[in-house]
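This report refers to the structure that appears directly beneath it.
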């Protein structure tokens, strides 16, 4: 969603939250957590607080009145009842036949709660320099993770990557072929944003940055002479990221039309812009996800921006066989996360089996 709309929704949630959640929000904003992450966490807290009231685990008449002692004295059994509620509640998605939330969604909810409890029991300080309370019930609640070997995950992901010549073929398809099947009205919209869309896709494929990192790019963060961009990684760390040379032409073409086409002024700092009723705005994550999905589905298979990150990582490992280099490019502090890419490009095992 647009940044302005996102901030409006955040303010709506903040208006109904207890004071300690507002403290938490302010603390995480200073790290900084992205507005998208904080918005998702606030949604999860509302879901949890609504359940506390429905389950009569608090006498508070509204969410803002739920006090700290309620959270402090919740039992493991209470939290397990909440998880059961999430698993069995009717789905609000009219396109889904499932009765409850997916395990991935449940894990996300529990992750948000764990973050809040850790803040309240370890990170925050009251007037005496102590946390608000010490009992962290979330440490007793286990999450169920999807069981899958790295080899299995790699094989599933591989089908959704644009490896080898497909990276440039995808860009070439959007540039030269996609327009041919559009109506005249659709062509007009496509042509307006063509350079920008190609620049975004090229940057994701050439750098492997996260979607949030691309969204938050400002003009000052992009150095096309050096082909380096400055991003804010998870945890608020600033990082310099190298960008593959094939993206340069696409980025330059976008910059050549950015000011005129999106009516950008000096105060419009965002690198990737959208324009609505003559007003330029930072392009948001949801719009980029939809854009990438639209083009990729027409080319081969619908993918997310994160799969473009996987594509870059896999191609880089295939070229260098260096997990350290790949982990640095992706902004990971450990090579453990990059084990996946060794499985995606590891054809030696298959070749050995073929020779049996």
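Positions of Cβ are set from backbone N, Cα and C atoms, glycine also.
What you see is a predicted model, and the numbers here were worked out from it, not measured in a lab.
According to Swiss-Prot, the active site annotation covers 210, 234, 306, 309, 332, on the basis of sequence analysis. Summarising the annotation, Swiss-Prot assigns active site, O-(3'-phospho-DNA)-tyrosine intermediate to 341. Per Swiss-Prot, domain 'Core-binding (CB)' is recorded for 16-121. The domain 'Tyr recombinase' feature in Swiss-Prot is assigned to 169-354; the stated evidence is sequence analysis.
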Per 10 Å Cβ neighbour count, which of the active-site residues 234, 306, 309, 332 ranks highest? 309
Averaged pLDDT, computed only over the residues in the domain 'Core-binding (CB)' (16-121): 89
Out of the active-site residues listed (309, 332, 341), which are within 10 Å of residue 234 (active site), Cα to Cα? 332
Taking DSSP helix as H, G and I and strand as E and B, the domain 'Core-binding (CB)' (16-121) has 71 helix, 0 strand, 35 coil
Nearest of the active-site residues (210, 309, 332) to residue 341 (active site, O-(3'-phospho-DNA)-tyrosine intermediate), judged by Cα-Cα distance: 309
For residue 341 (active site, O-(3'-phospho-DNA)-tyrosine intermediate), just count the other CB atoms lying within 10 A of its CB, please. 25
Using all protein chains in view, find how many other C-beta atoms are within 10 Å of the C-beta of residue 210 (active site). 21
